[in-house]
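*Asks:* Submitted below is the structure of interest, expressed as structure tokens.
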Amino acid sequence: MHTSAAPVMSIQIFQIFLEECDENGYPSRRRSLVDDARFETIVVKQTKQTVLDEARAKANDSSLECTILQAQEQHQQEDKIPQEVQQTVEDQNDDEEEIRMVAVDELPQKPQEHVPSADDEDKETDAGLTEEEVVLQNAASESPEAEKEVVRAAVVVRLRDGMGSLGRILKAVEAYHGTVVHLESRQSRSEGVQFDVLVKVDMARANLLQLIRSLRQTQSFGSVSLLSENNVNVKAPWFPKHASELDNCNHLMTKYEPDLDMNHPGFADQVYRARRKEIAEIAFAYRYGDPIPHIDYTETENKTWAAVFGRVKELMVQHACSEYIAVFRKLEDEKIFVKERLPQLQEMSDFLRKNTGFTLRPAAGLLTARDFLASLAFRIFQSTQYVRHINSPYHTPEPDCIHELLGHMPLLADPSFAQFSQEIGLASLGASDEEIEKLSTVYWFTVEFGLCKEKDEVKAYGAGLLSAYGELLHAISDKPEHRPFEPASTAVQPYQDQEYQPIYYVAESFEDAKEKFRRWVSTMSRPFEVRFNPHTERVEVLDSVDKLETLVSQLNTEVLHLTNAIAKLKQPFC
């Protein structure tokens, strides 16, 4: 069966699912999470490139007018610009060597947009703007006020001739009426370049563009790169900082409904299709702070639940990890898990909050990986509320609430597993598209299809295994290969969508998995760290000394309490 409303993403309709299952109740085909993730990345890149191309085309249309205006301004200010800057501009006319832009080592590499040649070096246009410069130019073109507005930006310049060229940069900043607010340098790692210099400046948008173009026109500099504007790194996407902002993270890459695919078990059932639409609309209307809507499940839906519930309860004793079994029985004791009726998301959410602080949020269907993982950062799990078709109780081509309730909820009430899930979510905030793919794959092979060691036996903890008994029996057999869980290799492991997985990853324990995951996340390219503040339900970006000092103070207080507790426990009884 296909699992969770979690990191599954594609704007394509589901691939063919056969109504006939094999003897273990599993469809012959399912969607590939890895392929879906890659497809989403391709779509994002294509959309982004289209926007940039349109912006560059728009800029190019007015290039002649801009050239005339710039020439007039240049003539008026010629006497004000230092001789060194004029020489920098004139050097381009004698430069027959191609000047190529090189990205900073720590930044993601991107293709060269435009490389001047001997034929077009005198015909430089805005068509060669980098992504950051397109953003800057579009902002400047909004109005004369916006053009003159002073912004803060970071510019990285690579010096071929050593620190002697630094004076040219500073004089150029002064000539374009800017202020240097930060300056640092380091030895360069690039061949033919001696130093990399980071200069943060406050400058009018129009002047900033002119500064960059001016600095590029010299052989003394290996490259000139604009990194950011208004303290916003354009390479880092927006992500939610508070749980309420998840209202903006509810995007369905595939709104898969039974009326969209003739192979869906409910395709010919008009009543089922209307029911699915009704429940989906309830989820779409949900907003942060609302109580989770109560669903009056029908007799047919409760019968479907009963069939799956009985099979899972039968198999879990032998094949599920002890943490899953312990919470499952606790849910039975509290009468949340009963065979006769489906649990309501609100009562399950209340149970999770008491045990690990996780809560639930209704989802209308399959969310994008980025949106789903972002929710985990706030200890919020986005769960569907609709039920699979009664004609196919043991598998479903999409996530449904039976999978969510039986597969995911028990372990979200386990403190160690809940912490692991949240850390995956926190790692996704601000991550690149490629890193989201890797995080989704790690999620797939752990939270969805993970195995762990328990004494001398291999047990299942993945939600996809615990709610799809065909693959569960396959996974714990000697047929597939069992590999130790290592995030770096797991993150790039291809996913098999034609049959059962040939490879499963086995964790030594949840604690071991968390430690390995933390080490792997530290190698990601995200240039900042985040933490979740449970008191404010906010994600805090640790990007200043003040924030770090506050956090250290809080941690010192916690350590003091722990030290006092240990000391009191060691005291002899009176």
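Cβ atoms are placed via backbone N, Cα and C, with glycine included.
Quick paste of what TrEMBL says about this protein:
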BINDING   H403, H408, E448  Fe cation binding site
COMPBIAS  108-117  compositional bias 'Basic and acidic residues'
COMPBIAS  118-127  compositional bias 'Acidic residues'
DOMAIN    224-570  domain 'Biopterin-dependent aromatic amino acid hydroxylase family profile'
REGION    108-127  region 'Disordered'
*Asks:* Validating a neighbour-count step here. Other CB atoms within 10 A of the CB of H408 (Fe cation binding site): how many?
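*Replies:* The answer is 28 other Cβ atoms.
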*Asks:* Report, as a single number, how many Cβ atoms besides its own are within 10 Å of the Cβ of H403 (Fe cation binding site).
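*Replies:* H403 (Fe cation binding site): 28 neighbouring Cβ atoms within 10 Å.
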*Asks:* So what's the average pLDDT for the domain 'Biopterin-dependent aromatic amino acid hydroxylase family profile' (224-570)?
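*Replies:* The predicted confidence over the domain 'Biopterin-dependent aromatic amino acid hydroxylase family profile' (224-570), as a mean pLDDT, is 86.
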*Asks:* Tally every other Cβ atom lying within 10 Å of the Cβ atom of E448 (Fe cation binding site).
*Replies:* 26
